[in-house]
Amino acid sequence: MHELYQNTREELINIWKLGLAAVLSAAIGLERELQHKSAGLRTNTLVGIGSALFMLISKSGFFDVLDQSIVLDPSRMAAQIVSGIGFVGGGIIFKQQNEIRGLTTAAAIWLSAAIGAACGAGLPILACITNVFYFVAVLICPFLWRSLGGRFHARDEMGISTVIRYRNREGGLQGLLQEIQEAGFEVRSVVRLERVDTRFRFSTVGDLSADVETAEDHIFDAYLTVHGMNSLTELFHVLSHLEYVISITVTTSQANLSGEV
């Protein structure tokens, strides 16, 4: 009877560990789900539960075969969880144009596995504190960064929409793009329109690495999207000093500058 009580008590403790792993990892998954990420509530919950179960198996699943000649190392299972979860996280990270996406979601899955393993290993307080630190990192830290706004805003990378009217001289658009890049900005997209008899016609769309043979007095409008760490006024200043530039309109979500040169 006493042995039955002990077994039941151990099973209830193990169920509690699994339940705690499910709750903590589900909290992480819910935050990812609300951010519309690919790996959300279900993925993180399953990773946490699975990691906890593996740890419980490693700790308690072989008591019936143990004897003096058999030595077990439960830490091996934790090492395998760390390496195995890397395949799941690696499948979430992908590159889109010049941006890397999915890093935070992959790290969240990795952390869910660690929290689940901690629950399975019998470290509930450590698992709960780690969960709190996760929400501090993904919710409170970005809020604090945004609240500092004015001090660090100049160092944030900005997406800038630019419309430049220029004469086809001194290298044309190629020279214009080179000046923008030398000023510390990266050109993401370009569309060029040629002005003919006050009407527009498309001359080139997309990649403008090749020059179009036109008369030097032809006027073009270039629509550019650029990204950079420098300020809006710096870009306007660089472009306004080019002799063949007629007018400039530079726009971000925070400001708008326009003028004729």
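Heads up, the Cβ atoms here are built off N, Cα and C, so glycines get one too.
Whatever TrEMBL says is automated annotation, not expert-curated.
Copied over from TrEMBL:
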{"type": "DOMAIN", "residues": "18-142", "note": "domain 'MgtC/SapB/SrpB/YhiD N-terminal'"}
{"type": "TRANSMEM", "residues": "39-57", "note": "transmembrane segment"}
{"type": "TRANSMEM", "residues": "77-94", "note": "transmembrane segment"}
{"type": "TRANSMEM", "residues": "106-126", "note": "transmembrane segment"}
{"type": "TRANSMEM", "residues": "132-148", "note": "transmembrane segment"}
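In terms of DSSP secondary structure, the domain 'MgtC/SapB/SrpB/YhiD N-terminal' (18-142) contains 93 helix, 6 strand, 26 coil. Across the domain 'MgtC/SapB/SrpB/YhiD N-terminal' (18-142), the prediction's mean pLDDT works out to 84.
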